[in-house]
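Everything on this sheet refers to the single structure shown next.
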Amino acid sequence: MVRVTSVGCFLLVIVSLNLVVLTNACIPEGSSCSSSGSCCHKSCCRWTCNQPCLIPGKRAKLLEFFRQR
């Protein structure tokens, strides 16, 4: 009787661990996202998982302006 109970507990632990892994799955880098919490690196930038989140500054905007002329 003890052996059956321990096998049942062991199987229950395996099933519960599989459920935890499935619910904690994160979105890999480069995939589309809606919030930072769903990305693996916790960085959702412009609806894409990126690490780090790069936002162009004044210099990048100025260079883009001169390229258009």
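Using the three backbone atoms N, Cα and C, a Cβ is placed for every residue, glycine included.
Swiss-Prot records proline amide for one of Pro52, Pro56, namely Pro56. Per Swiss-Prot, the residue annotated 4-carboxyglutamate among Glu29, Glu64 is Glu29. Each residue contributes its Cα atom, and for Cys39 (disulfide bond) and Cys45 (disulfide bond) those atoms are 10 Å apart. Between the CA atoms of Cys49 (disulfide bond) and Cys26 (disulfide bond) there is a gap of 10 Å.
DSSP assigns Cys26 (disulfide bond) to coil in the three-state reduction, placing it in neither a helix nor a strand.
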